[in-house]
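Q: TrEMBL lists these features:
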| type | residues | note |
| --- | --- | --- |
| SIGNAL | 1-21 | signal peptide |
| DISULFID | CYS31-CYS46 | disulfide bond |
| DOMAIN | 58-208 | domain 'Cupin type-1' |
| BINDING | ASN105, HIS110, GLU115 | oxalate binding site |
| BINDING | HIS108, HIS110, GLU115, HIS154 | Mn(2+) binding site |
Amino acid sequence: MMNSRIFITIVLSCIMASIHAYDPDALQDLCVADKSHGTKLNGFPCKEMSNITSSDFFFAGISSPAVINSTMGSAVTGANVEKIPGLNTLSVSLARIDYAPGGLNPPHTHPRATEVVYVLEGELEVGFITTSNKLFSKTIKIGEVFVFPRGLVHFQKNNGKSPASVLCAFNSQLPGTVSVAATLFASEPALPEDVLTKTFQVGSKMVDKIKERLSTKK
């Protein structure tokens, strides 16, 4: 009997841990982010209720295509807690990604969120790679949806001859983005060169060339 109780306790603990694995639940109606507050914590302190306005819940930055001036041919416009203070503690955010013909949102991960993309315009090749190195990819068109599980490396590529756009939804107020190439070759301070040469089985000249090219893409 005691063993079964211990087992049930362990199972319930695991379930509760999985429930709270994402952003913490709000404990009040509103906790609008006070980004000017000096206190450092996991998230943002709440504004005083008397200082909250409707503007804290509004953002027009994804209503139209962004100007694309990156060599990757894509532009990401976030609509997260950094842009919409009212998202603080609500565990949701959006982003818009615009792609030029041939544009790429290069392989990256979101450590704090699952992502769902909805195609607004154009056609994209999208995919993610599991921890067992299996690729799941598909071509998606206007009105179609694709899901990228939390933490897995994924990408989107516009193979068409016209612009494309997607709307992205996340189950985090600030999902974070880790770009695979930039993380490895453009970190500050830089990764030791012998780590990169041995990892990719290439010479130092090739590593230096990649670093130089990535530094121009910031």
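Cβ coordinates come from backbone N, Cα and C, glycine included.
Keep in mind that this is a model prediction, so the values were computed, not measured.
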Q: Out of HIS108, HIS110, HIS154, which of the binding-site residues is least crowded by other Cβ atoms within 10 Å?
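A: Each of the binding-site residues HIS108, HIS110, HIS154 was scored; lowest Cβ tally within 10 Å is HIS108.
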Q: Taking only the binding-site residues HIS108, GLU115, HIS154, which one has a CA atom nearest to the CA atom of CYS46 (disulfide bond)?
A: GLU115
Q: Identify all same-chain residues not among HIS108, HIS110, GLU115, HIS154 whose C-beta atom falls within 8 angstroms of the centroid of the Mn(2+) site's C-beta atoms; report them in sequence order.
A: THR109, PHE128, PHE148, LEU152, VAL153, PRO175, THR177
Q: Could you round the CA separation between GLU115 (oxalate binding site) and CYS31 (disulfide bond) to a whole angstrom and send it over?
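A: Here the two Cα atoms lie 24 Å apart.
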Q: Express the distance between the Cα positions of CYS31 (disulfide bond) and HIS110 (oxalate binding site) as a whole number of Å.
A: 24
Q: Using Cβ atoms only, which residues of the same chain lie under 8 Å from ASN105 (oxalate binding site) while being at least 6 residues apart in sequence?
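A: Sequence-distant Cβ neighbours: MET72, SER74, VAL76, ILE97, TYR99, PHE155, GLN156, LYS157.
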